[in-house]
Structure formats: structure tokens, C-alpha cells
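Here is what TrEMBL records for this protein:
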type     : residues    : note
ACT_SITE : 68          : active site
BINDING  : 67, 71, 163 : Zn(2+) binding site
DOMAIN   : 56-132      : domain 'Peptidase M50'
DOMAIN   : 138-179     : domain 'Peptidase M50'
REGION   : 372-394     : region 'Disordered'
TRANSMEM : 21-41       : transmembrane segment
TRANSMEM : 47-67       : transmembrane segment
TRANSMEM : 79-97       : transmembrane segment
TRANSMEM : 109-129     : transmembrane segment
TRANSMEM : 136-157     : transmembrane segment
TRANSMEM : 205-224     : transmembrane segment
Ligand SMILES: [Zn+2]
């Protein structure tokens, strides 16, 4: 998850927010200011409602952050490095640079978040138990207690990528001693859960016309996509295990000289090449970016002669340069570059470009691996994801 805004570091962990967090803040603030708070204490000036609603929305985000921090801190204690925490539309995502070594570790990391949400729910509830405070504040704190309880319960639903899915995975892994099978089960459970939520959401929408139904469908769709995506990445991890980058790359790729104009590059290279992405190199042969065919087609024919390749080059992330001897799974690292929707890594040896790896190369390599493997040992969905994703936001 890309962070649009860096909020700072908590316990050394970079914390940020995706732009969609703003959307959820507005949604929460709107519901509180227009419905929840006026019902609790009618007849006040609108500015009172909006001020309390804004403060409550911020406190809700802080609760969400506490949930994610709980995952992150327990993970770090269990030897799983934490990359970042990002808040977004449907909650928070804690990204890890490794995986739990035992089912017990996985269970502890997964359960820490919902446990903190539950504790927060109880604390907020106890704060307003002796109902003597101003009714606006009491309503807001009650709402926070309820939302934290919802957060704890929803995230414990048993399906990847929710915390409950990790707990299910840890349990199956512990019982069957087979991590890959547990992965498959958790991923399937996540997809089933997502489909169930979409069904319930649709029913709610049709029968009662609630916009809450749309929200539930959105969360269901997200669950299905995330659970399926995790299954695929894990399958790729397993399929590529033991392979080197040189085994999967397209060797001696066509390159795009940064100084060339688009017209000469199209005539000399793009029209005859089998690649859909080209490494962009400077005069010294150093890689400065990547050029997808898609970027070339966007240049009108009349502008080709006075547009340089360098102007169309897409930047590559820090992990984009690999060596032929690197482990093939490095292409799947979260830091890998994406250019026009494809994973792209340029392979360099002795300062020269010797290969390129794209999503297409990966797909081919995985299918070849399946052909080579003896029956029953081919690629299969594997291992839990590298991120804990939490929902819902509202
Ligand atoms: Zn969580």
C-alpha cells in the first residue's frame, strides 16, 4: 500500500496514510455530525456537531493505529521485521519484511490487534458508564466504544487476509504441520467470506435500501481480491523456490537509449521487438528507468520526432536492479517496481544490462516449473501474506 502522507514514526516504524483515509474521515464525520450526534442531543448549533464529529473521527483513526501497532510490536518481538503501517479506506495495513516462523508466533501477532481493539472498546465504554457528562461527548465516546468492538469482532472473522484468517491459518498449520495446505484453506475461507459479505450486502441493499449494503459489498469485494492475490503470490513464491534470476529473465533485451527520439526508437526497435517494456539506459549504459510500449502509443505521430525516450521513461524503485545470481523470488518483494501494471526488474552484470524480468516472464517460468515438477509437487498456493489488512473503516 503506497503511503500518500507520512505521519511520522512510532517506535521506529514508519506510519503513513493512503489518500483514501480522507474519504473515510469525511464519511465518519458526516454520519456522526448529521445523524448520531443530533439524535443524542438535538437542537444545538451545527458547529457543535461538526467539532465533536471531527475529534471523534480522529480518535477513531488513533484506535485503528493502536490496533495496527499491536500487530507490529508483537511481530517485532517475535523476530518478524515490520516495514510500515498504512491507514486507508478500509482500515489499516501492517506490512512485514518476513514471516512468522511458528504457528504460535503467527497466532500471537494476529490476535494482538483485535485484543487491543477490544480493550479500547471496554475502556471507552467504562469512561461513559456513569452517564453524567455532556450528552454530545457521551454519545461520541459510546460510538467509539461500539466501533472498536466492531473492529475487534469483524477482524476475527475466519478468512485471509483478516486477523481471524491468520488465526485459522495458524491453527491449521499447527494441527496439520503443513503450511502450504493451511495457506490454501485460509485463502479459500477468505474468498468464501468475501462472497458471503457481497451476498449479504446485496440482500440488505435490495430489501432495505441501506447504503450500508454497498459498504459491505465493497469490503467483500476487497476480501476476495486480497485473498486471491495472496494465494497467487504465495504460489509464485513456491514455484520459483530454488530458481535464480538468470533462469527466468529474458536475456539480452532490447534497450531504449534515453537520448534517442521516439520516432527512431519506434522504427529501429519497438516495431520489431517482442518486449512490452524496455530498460532505459544513459550514454554510460547505466539504467535510468523503464519504457513501456503503452507510453510510446500515447505520443501522437506528429510529436514523435521531437519527444525523447527519456521524457517517457518511468522511474524504477530502489529494488529494480538485480543480478543474474539473485534468488528468483526477489522479483516478488514488496519493493519491486511496477511499470504500467507489470512487475519489472532489470538484470545487470558488470555494469551492463543482461536481462529483464516482467510479469510475462514470471508466468512463463511458473508454467515451465509446473511442467518440470513431478506430479503432485508442482506450484500450489502457499503461506500467509506479508501484510495484515484490517477493516472495516466505518
Ligand atoms: Zn488486525
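The count begins at 1 with the first shown residue.
Each residue, glycine too, has its Cβ placed from N, Cα and C.
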Which listed stretch (21-41, 47-67, 79-97, 136-157) has the most C-beta pairs under 8 A with the transmembrane segment (205-224)?
79-97
State the residues, same chain only, that lie 6 or more residues beyond the ends of the transmembrane segment (21-41) and have a CB under 8 A from a CB inside it; answer 'none' if no residue qualifies.
48-50, 52-54, 56-58, 60-61, 87-90, 134-136, 138-140, 143, 393-394
Where else in the chain does the transmembrane segment (47-67) make close Cβ contacts, counting only residues six or more beyond its ends and a cut-off under 8 Å?
10, 15, 21, 25, 28-30, 32-34, 37-38, 85, 87, 91-92, 113-114, 116-117, 120, 136-137, 140, 143-144, 147-148, 151, 155, 390, 393
Other than its close neighbours in sequence, what residues sit by the domain 'Peptidase M50' (138-179), given a CB gap under 8 Å and a spacing of at least six beyond its ends?
32, 36-37, 39-41, 52-53, 55-56, 59-60, 63-64, 67, 71, 91, 100, 103-104, 106-107, 109-111, 113-115, 117-118, 120-122, 124-125, 127-128, 131, 185-187, 189-194, 223, 226-227, 230, 382-385, 387-392
The domain 'Peptidase M50' (56-132): DSSP-derived helix, strand, coil residue counts:
47 helix, 13 strand, 17 coil
For the domain 'Peptidase M50' (138-179), what is the mean per-residue pLDDT, to the nearest integer?
91
Rounded Cα-Cα span from residue 68 (active site) to residue 163 (Zn(2+) binding site), Å:
11
Counting each residue once, how many in the domain 'Peptidase M50' (138-179) are helix, strand and coil under DSSP?
33 helix, 0 strand, 9 coil
